[in-house]
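Undergrad: First, the structure itself, so that you have it in front of you.
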Amino acid sequence: MTEDARDLYLDLMKKVLTNLIYRDAPIQTFVYDGEPDADPRLLGRDWPSVAHTMVGLKRLDNLQYCVETVLADGVPGDLVETGVWRGGSSIFMRAVLRAHGDTARRVWVADSFEGMPEVGADSHAVDREMRLHEHNGVLAVPLEQVRANFERYGLLDDQVRFLPGWFKDTLPGAPTGRLAVIRLDGDLYESTTDALENLMPRLSPGGFVIIDDYAIDACRDAVHDYRGRYGISDPISEIDGTGVFWRHTAASARSLQPATV
């Protein structure tokens with residue numbers, strides 16, 4: 001695939017995944033202070049009724065940057081997303097691999113496919129306050145539907161692997177091997193912590209961590225608590241007012257490895 005053809009393909013994929021082409025009606029729209037005129041679909045500020053992703057165009061641009069950078073730099077490892085909704089961001093990662101002719105890396109698609117876990121007395125306090133499970137009528141997307149969405153783009157193949165179940169159950173033993181990009185979209189404190197604890201030690205130096213829900217207090221607290229525990233100081237960069245990312249350094253990678261005796 002020529003460079004021009006690759007750029008056209010990936011640009012069209014982003015517009016189709018976000019449905020910027022036909023502009024389906026939102027189920028719900030979120031307006032942030034200072035953004036009264038912002039386009040919700042560019043910034044991921046709505047829950048679309050039809051589109052295959054709610055992350056918005058800017059976060060897909062960032063995802064493309066991260067995946068293409070690890071490909072160009074030869075950073076070893078697969079790609080993983082935790083919390084995939086209708087699958088759009090994971091589909092896009094597979095599209096980037098296809099566009100660049102990468103036939104070795106896999107895309108790991110981790111989700112309960114049942115929506116958000118119900119909170120209880122033993123759940124984190126901030127998670128209890130949000131009660132996101134009450135929105136599972138929108139947030140729960142069955143595995144069969146996500147697989148079908150991959151298939152619609154011609155991207156369901158052996159390079160796509162699914163990890164169905166709650167993160168605390170599936171991620172510790174997930175057979176991912178090394179990772180180059182980890183994209184976390186679990187919203188909750190506990191979901192974010194489960195993903196960081198289990199996936200960060202597998203992330204290759206030079207790889208990327210993307211936090212979709214950093215604007216949510218519970219998620220942001222989980223990120224800073226985790227980084228504080230392990231002394232991670234890699235600079236955090238903002239994407240669009242909601243998501244952030246950072247590049248994993250060799251020093252941070254060493255801090256996550258068990259001490260040798």
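Quick reminder: no glycine exception, Cβ is built from N, Cα and C everywhere.
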Undergrad: Return the residue out of ASP169, ASP185, ASP234, ASP240 that Swiss-Prot annotates for the same Mg(2+) site as ASP212, ASP213.
TA: ASP185
Undergrad: Neighbour count, 10 Å Cβ-Cβ cut-off, for SER112 (S-adenosyl-L-methionine binding site): what number do you get?
TA: 23
Undergrad: Quick check for the class: what is the C-alpha distance, in angstrom and rounded, between GLU114 (S-adenosyl-L-methionine binding site) and ASP213 (Mg(2+) binding site)?
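TA: If we compare the Cα positions of GLU114 (S-adenosyl-L-methionine binding site) and ASP213 (Mg(2+) binding site), the gap is 19 Å.
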Undergrad: Who sits close to ASP212 (Mg(2+) binding site): which same-chain residues at least 6 apart have their Cβ under 8 Å from its Cβ?
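TA: Once residues fewer than 6 apart are set aside, ASP212 (Mg(2+) binding site) is near VAL55, ARG59, GLY83, SER89, ARG183, LEU184, ASP185, THR242, GLY243.
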Undergrad: What kind of secondary structure is GLU81 (S-adenosyl-L-methionine binding site) part of, going by DSSP in three states?
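TA: Looking at the DSSP assignment, GLU81 (S-adenosyl-L-methionine binding site) belongs to a strand.
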Undergrad: Mind giving me a neighbour count for THR53 (S-adenosyl-L-methionine binding site)? Other Cβ atoms within 10 Å of its Cβ, every protein chain shown.
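TA: Result for THR53 (S-adenosyl-L-methionine binding site): 28 other Cβ atoms within 10 Å.
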Undergrad: Measure the Cβ-based neighbour count of ASP185 (Mg(2+) binding site), defined as the other Cβ atoms within 10 Å of its Cβ.
TA: 26
